[in-house]
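For 380, the entry in Swiss-Prot reads active site, nucleophile, with the evidence type sequence analysis. Look at Swiss-Prot and you will find 517, 519 tagged as active site, backed by sequence analysis. Per Swiss-Prot, the feature CTP binding site maps to 13, 146, 147, 148, 186, 187, 188, 189, 190, 191, 222. Among the features that Swiss-Prot reports, Mg(2+) binding site is placed at 71, 139. Residues or ranges marked as domain 'Glutamine amidotransferase type-1' by Swiss-Prot: 290-544. Per Swiss-Prot, the feature region 'Amidoligase domain' maps to 1-265.
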């Protein structure tokens, strides 16, 4: 029978529930357990696919093509399980399914209510996502006390009642602030958030206290007394330089022993050797490189979370401190293509994105990298931008652009593909009036790499599988012209469309761009060959 750990948060949002939950999962996995994780989001959006990155941060794409919360990226980076669409759902999805059942008559004319119909659907989805695992860690988004979270909290209250204390555990994160003016740690917010939980029938088994300093013993005793939690189950989650220090930090306080005892799990001792090696590599780099990330969401770096982590992973595996400088492509555009801020950079990266804002600034950055032999990595839109720049400035295609930015451009080298065959053989059609939500090329796709190409050299294989998230594709009608001008198409999709997947420049020290998102499959234990190669290229440029 699967055991459940429910992770909630109180006082304020952005406490790090996802990191705490993933760290617990990593510790339990090191003890020989088969662990999965679920994220339950209280918002009414069906998924975050059409939400602004400034509001939601990154959209993480699973192997099976679900657009999910960025916390699922943390889950995959901390444990070996691959997330699927079953590992994430929102209020919108729950209501959508319940309403569809009502319309079909599944409820036999009964009155459809939050309890039991909505809560039953939530429980059904939790059990579905947890099936086949020893332990499922379920993170409830939002903050306890929010109206939006109530159906989810009621559902897990029912699960405790139905499954019992030895099969369920509640871990609650709370903020314990230090008031500098008073010189004191304040426990009152934690007392109030636990009171809020008790009012809806939830008693935390573990309290994880987010703090910027070590918790004094007397404050720990005070929290235990007022919150009715064992003193040893008051666990500190302190500010650290790297999130990969968190598993060891929580393990050192015995959190896994508390969990295994309550859930009656007879398992081996934790082995965090791999995590210790990762932390040691982060703390003891031998080299340093500066990489410019030129994008339009740079004011909220959470928009590029997986990408930032993938570069850090490459740093771990090359013993390098990867220093990322975020460059707003709009500023380049406003300053008439001034890229002087890139001159001290060892490499340049243009990430994915949507819309025309800041595009010409990105094109200027690509031009600088190409003309000055600076290592360049383009991802998704970053590949399309590189291709547009090459089409304009090298292949001589005047008016080259993407129809995403200019529907009537003279040379649409990137365009909306209006028809293709999906993995199951059905034909998808798209046009300008198609709904935005769920209408992209999503999830893992097969890619064939050209023998002798930089792509094949990086991956060490002629066939790879990478995750995608985009609507627009390179227009194959222009490929012969671009190839005649020296552009190398190093990878194409394995389907009948033969869509362009990677491009490279043979006469450049290191110039590579891909339509897919390799950052979604990087983790600190293994890294990713593409990012490792990119950081090595930056190191070589630095030495030169």
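Backbone N, Cα and C define each Cβ position, glycine as well.
Here the features listed in Swiss-Prot are painted onto the structure.
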residue: 13; record: CTP binding site; DSSP class: coil
residue: 71; record: Mg(2+) binding site; DSSP class: helix
residue: 139; record: Mg(2+) binding site; DSSP class: strand
residue: 147; record: CTP binding site; DSSP class: helix
residue: 188; record: CTP binding site; DSSP class: helix
residue: 222; record: CTP binding site; DSSP class: helix
residue: 380; record: active site, nucleophile; DSSP class: coil
residue: 517; record: active site; DSSP class: coil
Local Cβ density at residue 147 (CTP binding site) - other Cβ atoms counted within 10 Å: 8
Recorded positions: 186, 188, 517 - member with fewest neighbouring CB atoms within 10 Å: 188
Site extent for CTP (largest Cα pair distance over 13, 146, 147, 148, 186, 187, 188, 189, 190, 191, 222, Å): 31
Residue from 71, 139, 380, 517, 519 whose C-alpha is spatially nearest that of residue 188 (CTP binding site), among the recorded positions: 139
Residue among recorded positions 71, 139, 517 with Cα closest to the Cα of residue 190 (CTP binding site): 139
Spatially closest candidate among 139, 380, 519, the listed recorded positions, to residue 147 (CTP binding site) (Cα to Cα): 139
Neighbour tally for residue 13 (CTP binding site), based on other Cβ positions within 10 Å of its Cβ: 12
Residue 519 (active site) versus residue 139 (Mg(2+) binding site) - Cα distance in angstrom: 23
Count of other CB atoms lying within 10 Å of the CB belonging to the residue listed as 'active site, nucleophile': 23
Cα-to-Cα gap, residue 222 (CTP binding site) vs residue 517 (active site), nearest whole Å: 48
Residue 71 (Mg(2+) binding site) versus recorded positions 186, 380, 517, 519 - nearest by Cα: 519
Long-range Cβ environment of residue 519 (active site), under 8 Å and at least 6 residues apart: 306, 307, 309, 310, 379, 528, 531
Candidates 13, 186, 517 (recorded positions) - the one closest to the residue listed as 'active site, nucleophile' by CA: 517
Cα distance (Å, whole number) from residue 517 (active site) to residue 186 (CTP binding site): 43
